[in-house]
Amino acid sequence: MHWLLNLALFQLAWLGAVLWQSPWPALGLLALHLLLSPRRQADARLMVAFLLVGLIVDGGLGAAGFLVFEASPYVIPTWLMALWAALAMLPNHSLAWLKYRPWLSALLGAIGGAFAYWGGVRLGAAQFGWPLVQSLATLALVWGGLWPLLMLQSRRWCP
């Protein structure tokens, strides 16, 4: 799959899930991604793994009062679960070049992770329970550590 198409599918999944607070845009684009992907099996495994990580990470941030969502009967809202699965579209395709660059992966994870959450908050999908600067700094630390680990797992399953 061309890296630009992969990146566009993820961005559309993110925007649709956040704007409509619905899992369906992301799930539809995940299905399209799997249909087009030459690495279906590795991508599907990553989607399940990323979803489990998301339940732990965002579930923990929500339980700590760091992230505030609309009431949901689940650990995190379904649209956010779909976003975690959608995030798994990137490591084997448009961001594959980061698999062997852990320091750069940490830097981009810190920046991209913090700003993705901030974008979601600005679009009304969630709220920060802490002041903005503390929230962004915390997210940068979380994602600066988490993204290289996610990329490492991707490298193990799909070198």
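Backbone N, Cα and C atoms are what each Cβ position is placed from, and that goes for glycine too.
For reference, TrEMBL has these:
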- 12-36: transmembrane segment (TRANSMEM)
- 48-68: transmembrane segment (TRANSMEM)
- 74-91: transmembrane segment (TRANSMEM)
- 103-120: transmembrane segment (TRANSMEM)
- 132-152: transmembrane segment (TRANSMEM)
Legend entry - Contact set, same chain, for the transmembrane segment (132-152): CB under 8 Å, 6 or more residues outside the stretch: 50, 53, 57, 61, 66, 91, 95, 98-99, 102, 105-114, 117-118
Legend entry - Intrachain neighbours beyond the transmembrane segment (74-91), with Cβ under 8 angstroms and 6 or more residues off its ends: 6-7, 9-10, 13-14, 17-18, 20-27, 29-30, 33, 43, 46-51, 53-55, 58-59, 62, 98-99, 125, 150-151, 154, 158
